[in-house]
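As recorded in TrEMBL:
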- 22-512: domain 'Major facilitator superfamily (MFS) profile' (DOMAIN)
- 59-76: transmembrane segment (TRANSMEM)
- 88-105: transmembrane segment (TRANSMEM)
- 111-134: transmembrane segment (TRANSMEM)
- 176-194: transmembrane segment (TRANSMEM)
- 215-237: transmembrane segment (TRANSMEM)
- 243-262: transmembrane segment (TRANSMEM)
- 283-305: transmembrane segment (TRANSMEM)
- 317-342: transmembrane segment (TRANSMEM)
- 349-368: transmembrane segment (TRANSMEM)
- 374-399: transmembrane segment (TRANSMEM)
- 411-434: transmembrane segment (TRANSMEM)
- 488-506: transmembrane segment (TRANSMEM)
Amino acid sequence: MGKPGDMPAHKAVHVNKSFILSFTALALVALLVALDGTSISVALPIISKRLGGTAIEAFWTGTSYLLCSTVLQPSFGSLSDLFGRKPLIMLALLFFVVGAIVAATSQNFTIMIAGRSLQGVGGGGVVTLIEIIITDLVPLQLRGHYFGMIGTVLSIGSVTGPIVGGGFAEQVSWRWIFYINVPIAGASLFLIPFSLKAHSPTPSPLNAKIRSIDYIGVVLFVASMTSFLIGITWGGVIHPWRSVQTLCPILLAIIGMIIFAYHEISRARDPIIPVSIFGTPTAIVNFIGVTVHGLILWCVLYYLPFYFEAVKGYTPILAGTALLPLTFTLCPSAITIGLLITRWGCYRWAVVLGSLLACLGSGLLCIINAHTSVAGWVCLMLVSGLGLGSLFPALIYAIQASAEPRHLAMAVAMCSFFRSLGQAIGIAIGGVIFQNSMHSNLMKYPAHASHADDYSKNVILLVEALRKMPESATTDDLKTAYSDSLRIVWAVCCALAGISALLSLLTKDYTLTAGEPAQEDVGETNKTATQVK
């Protein structure tokens with residue numbers, strides 16, 4: 001028996017015109033979604049001023065996108081097995097384009113948040129389906145190169161998003177942050193139907209497909225994860241962490257997920273999330289690894305620009321540009337590791353190496369302080385890029401290789417989901433750590449003690465205050481407090497990466513070619529796998 005997740009050994013990639021057009025369209029859409037996820041952050045102060053919005057409305061502009069993008073990813077994966085990849089990615093693109101138009105033409109924050117929510121639905125579906133479609137087009141042993149390229153595109157989009165957003169907001173109009181999506185995504189809407197040759201579902205009556213949807217599972221999962229994400233994203237921002245408004249949604253989410261797990265295991269005939277995808281130690285530790293990867297990546301992309309703005313006094317565009325050293329190692333490492341996995345036929349070494357480098361890179365970021373030179377912070381960021389880039393293809397390879405063929409799409413969808421969940425948790429945890437540490441550090445300085453609450457909770461307010469202050473010992477103290485607070489964030493990232501690195505040692509190398517004898521994995525559930533000796 002061939003190993004789980006493998007495809008027939010004779011299958012090869014036919015790199016013809018249709019394949020090139022399909023992959024190019026998918027890569028362009030992935031770039032747009034990644035840009036859209038981070039470009040709005042530096043433009044929010046300008047958008048808030050133009051639309052006359054409150055800090056809470058500005059907060060929900062970013063949060064609504066992340067929330068909608070995350071909670072619906074498993075649903076897109078499950079439905080694509082029923083109705084096919086092409087109709088689902090077309091639907092996701094349609095949501096994304098309509099959301100972009102709504103956001104671009106909005107005259108108030110209510111419409112803006114509605115548009116961002118639609119974009120989130122589409123963006124989450126697009127990212128999930130792109131990775132699933134690659135599994136349809138490319139056999140497992142050759143996927144490393146293509147996942148490396150998609151990981152590179154997503155990284156470039158995420159890192160350059162603040163530059164693009166800041167450039168449009170400062171030099172043209174913030175509305176072009178959204179308008180720019182329309183022609184490219186619109187072109188993909190016309191290109192994909194004619195060029196994409198992806199998975200087609202088994203022919204069956206439409207009403208039978210509709211009846212087979214796990215509606216109870218979908219509702220329980222979406223409601224529970226929405227409640228959880230609402231709780232962790234507004235904790236410490238809108239309401240205190242110990243308040244009923246924060247704890248109640250999180251508690252309801254835990255109860256909801258327990259009910260969801262019971263339903264999926266005992267009641268659902270066609271569960272939206274098959275439990276068997278978590279049936280091996282390899283799958284479990286690498287899903288944890290994907291979550292930690294998303295957490296660290298988003299902490300770096302979210303909090304480093306604020307360091308450059310607050311401590312170094314950079315403009316939003318320069319702050320975004322300062323992240324480019326990260327891409328100089330992140331992107332090449334993602335592609336190189338993917339190629340090496342394909343060439344050597346094993347991935348465990350890449351998972352372990354990437355986790356160790358991510359741990360080391362996060363630790364090196366702790367060295368950055370208020371007086372670190374340009375050459376200093378550039379060099380310190382390079383190792384993080386190596387680790388985070390390596391993990392893009394390595395983790396998804398491990399998860400796919402350990403999955404049953406019939407559940408491969410859901411394994412990939414859950415990989416996207418856990419990465420997005422890690423991003424949301426990263427922003428929340430990073431925010432809590434930073435706020436508490438910043439408040440404590442500011443209380444050490446009598447000149448800043450009275451502003452400790454405001455500055456620790458509102459980074460934008462702190463950045464604006466620093467820009468207006470003349471250089472003095474007082475501003476130096478404020479910058480030192482800021483960089484010292486971020487150091488704790490990097491230390492926590494380092495610790496989590498270290499735990500992930502230890503867990504990665506449990507990863508097993510399944511062969512990436514079919515046709516070899518099967519050997520059971522320890523702790524496996526209803527499946528067998530061939531291991532590389």
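Heads up, the Cβ atoms here are built off N, Cα and C, so glycines get one too.
Small disclaimer: the values here were computed from a predicted structure and weren't measured.
Sequence-distant neighbours of the transmembrane segment (111-134) (same chain, 6+ residues past either end, Cβ-Cβ under 8 Å): 22, 26, 29-30, 33, 36-37, 40, 47, 51, 53, 57, 60-62, 64-73, 76-77, 80, 85, 88-89, 91-105, 143, 146-147, 150, 154, 178, 196, 198-199, 396, 409, 412-413, 415-417, 420. Predicted-model confidence for the domain 'Major facilitator superfamily (MFS) profile' (22-512) is 86, expressed as mean pLDDT. Same-chain residues lying 6 or more positions outside the transmembrane segment (317-342) and placing a CB less than 8 Å from one of its CB atoms are 42, 141-149, 151-152, 155-156, 159-167, 170, 300-301, 304-306, 308-309, 350, 354, 377-378, 381-390, 392-394, 397, 512. Touching of the transmembrane segment (283-305) and the transmembrane segment (374-399) is concluded from the presence of at least three CB pairs under 8 A, sequence neighbours closer than 6 excluded. Counting only same-chain residues 6+ beyond the ends of the transmembrane segment (411-434), those with a CB under 8 A from a CB of the stretch are 5, 66-67, 69-70, 73-74, 76-78, 124, 127-128, 131-132, 135, 225, 229, 232-233, 235-237, 241, 273, 277, 283, 287, 290-299, 302-303, 395-396, 399-400, 402-403, 456, 485-486, 488-489, 492.
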